[in-house]
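Shown next, in structure tokens, is the structure this report addresses.
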Amino acid sequence: MTEKGRRDEIRAQFDSTRAHLEAANARIEQRAGRNLFLAIGVGLLLGAAFLGSLFIVKDLFAAFVLLIAVVASIELATAFRVAGRRVPRIGVALGAVMIVAAAYFWGAEGMLLGLFAAATLLTLWRLVEGLFARSSIVPKTLVRDVFSGLFALVYVPFLAGFAVLLLAAPNGEWWVFAMVLLTVSVDIGAYAAGVTLGKHKMTPRISPNKTWEGFGGAAIVAMVAGVIVSIFALHEPWWVGIIFGALVLLTATGGDLTESLIKRNLKVKDMSNWIPGHGGLLDRLDSLLPSTVVAYGLALVLGVVAS
């Protein structure tokens with residue numbers, strides 16, 4: 001075979017392999033609803049930023065959480081506005097700063113006070129907007145807008161604040177790491193089992209891609225990961241890992257379904273589209289946010305966090 005013939009053969013094999021990979025990715029994207037390879041690449045970059053801030057400088061991680069809470073809160077407020085609910089984006093962003101900063105400087109009590117202050121600010125902000133509006137606004141509309149904004153404050157920065165509270169505990173960075181690892185394990189287990197084995201829809205009206213087979217895969221992976229991380233990272237008995245894995249399985253799945261319900265109600269596919277392969281930032285936090293609460297609660301019960 002001539003040199004040119006060998007080059008042509010290698011090029012043909014390369015093109016064939018690429019075509020097979022693209023076809024496989026297209027099938028996966030059709031079933032799972034996202035570009036697998038792009039999602040993995042972006043996920044690795046986000047994971048590197050997360051690990052670097054968590055284990056190198058704790059203060060940097062708190063700032064990382066603050067930034068995420070602000071951006072995700074603005075995403076949710078924007079989605080509400082697209083649906084006709086005028087939630088003040090600047091007011092929500094300022095509220096997110098108040099809540100997360102209060103959690104960092106003053107702990108759990110400070111976070112509650114921060115939530116109260118943020119809720120007051122947001123309510124007054126929307127009422128003042130209503131007073132200076134060019135056309136009259138029905139009181140029912142104002143109430144709807146205010147409650148939508150309050151939901152955004154609780155759903156994003158308040159839940160994110162529990163990660164900051166957990167970080168302040170002895171060995172807190174490992175508890176945060178374990179919570180994120182278990183949440184990712186649930187996502188990976190559900191994704192892999194759902195794509196390969198999924199047949200029975202879990203909640204077809206809310207999230208058509210979720211299957212009971214995927215939930216079963218997530219349960220297995222979560223329990224195994226829970227035991228491993230409990231023994232080697234948290235230095236707790238193996239049964240703590242079982243409990244931790246089960247709790248995160250429920251909160252991660254519930255959080256995913258909750259956001260799907262919100263998006264369905266607001267008639268949006270993603271909260272935004274600025275993260276390739278993932279949609280918006282909030283689309284990646286839907287499972288993590290409620291999981292911060294159970295991680296903090298379990299640490300509190302075990303005495304890791306001071307009551």
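Using N, Cα and C of the backbone, Cβ positions are placed for all residues, glycine too.
These features come from TrEMBL:
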| type | residues | note |
| --- | --- | --- |
| TRANSMEM | 36-55 | transmembrane segment |
| TRANSMEM | 61-80 | transmembrane segment |
| TRANSMEM | 87-106 | transmembrane segment |
| TRANSMEM | 112-128 | transmembrane segment |
| TRANSMEM | 149-168 | transmembrane segment |
| TRANSMEM | 174-193 | transmembrane segment |
| TRANSMEM | 214-232 | transmembrane segment |
| TRANSMEM | 238-257 | transmembrane segment |
Maximum Cβ pairs under 8 Å to the transmembrane segment (238-257) - stretch from the list 61-80, 87-106, 112-128, 149-168, 214-232:
214-232
Counting only CB pairs under 8 A, let me know which of 61-80, 87-106, 149-168, 214-232 has the most with the transmembrane segment (174-193).
214-232
Taking contact to mean three or more C-beta pairs under 8 angstroms, with sequence separation of 6 or more, is the transmembrane segment (61-80) in contact with the transmembrane segment (149-168)?
yes
Counting only residues 6+ away from its ends, which parts of the chain sit with a Cβ under 8 Å from the transmembrane segment (149-168)?
54, 58, 61-62, 65, 68-70, 72-73, 76-77, 80, 87-88, 91-92, 95-96, 99-100, 102-104, 107-108, 111, 114-115, 118-119, 122-123, 126, 175-176, 179, 282, 285, 289-290, 292-293, 295-296, 299, 305
